[in-house]
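Read the structure below first, then the notes.
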Amino acid sequence: MNKPIIALDFQTYQEVEAFLAQFSGESLSVKVGMELFYSNGPAIVEKIKQQNHAIFLDLKLHDIPNTVKSAMIGLAKLGVDMVNVHASGGKKMMEAAREGLEIGSTSGKRPKLIAVTQLTSTSETDMQKEQLVKASLLESVLHYSDLTKQAGLDGVVCSALEADEIKLQNGSDFLRVTPGIRLASDATDDQIRVVTPEKARSIGSSNIVVGRSITRANDPVAAYNQVLKEWNA
């Protein structure tokens, strides 16, 4: 999934179908999140797969290890390319998630598994006040990244602002999947740690997730091509 990942932040398959139709059969990397998956169920994944798109299923599992393991066995059977959990669920939970994917994968190759460190909507002040974390935001992200690697996962979800430090700590093969990407002309909305595609590339992101800059654009194809151009600059 080296192409920019488009966040399909829609509620219905009809909206998804109309959006994807604009790309004239091009094979894309897309993210199916909670809104779309919970509104339509697993069938939405199969419909998108039939169009030859790579899928990041973004459900951010966070529960006791046995529950997450069982859930991942089921998700693995969907044939998606990448899934995620919350790193704050702990090392045992993340290990259980990986084991579930390995059991459930029918192709012999499990989906990539990454863990959310801190949401890009979270500021350092929010984290320290609401989560009672005394460390800095960067220290928290690096701690979760190290825990994720110890659990045998493939990488993390992080903001681009922490990506280079994670790369130095955990190696270049450890994925740094970055949401909160906007074209320079777009509003940041509810996300705080936000950068442009070109900036994300220059400071260490391995993959980027782009939603509103593409899906809400007057010309989504042109916006996607601009993101792609900046990402590959």
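Glycine is treated like the rest: Cβ placed from N, Cα and C.
Copied from Swiss-Prot, the annotated features are:
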- Lys60: active site, proton donor (ACT_SITE)
- Asp9, Lys31, 58-67, Thr120, Arg182, Gln191, 211-212: substrate binding site (BINDING)
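When secondary structure is read from DSSP and collapsed to three states, Thr120 (substrate binding site) falls in the coil class.
Neighbour counts were taken at the CB atom with a 10 A radius for the recorded positions Lys60, His62; the maximum falls on His62.
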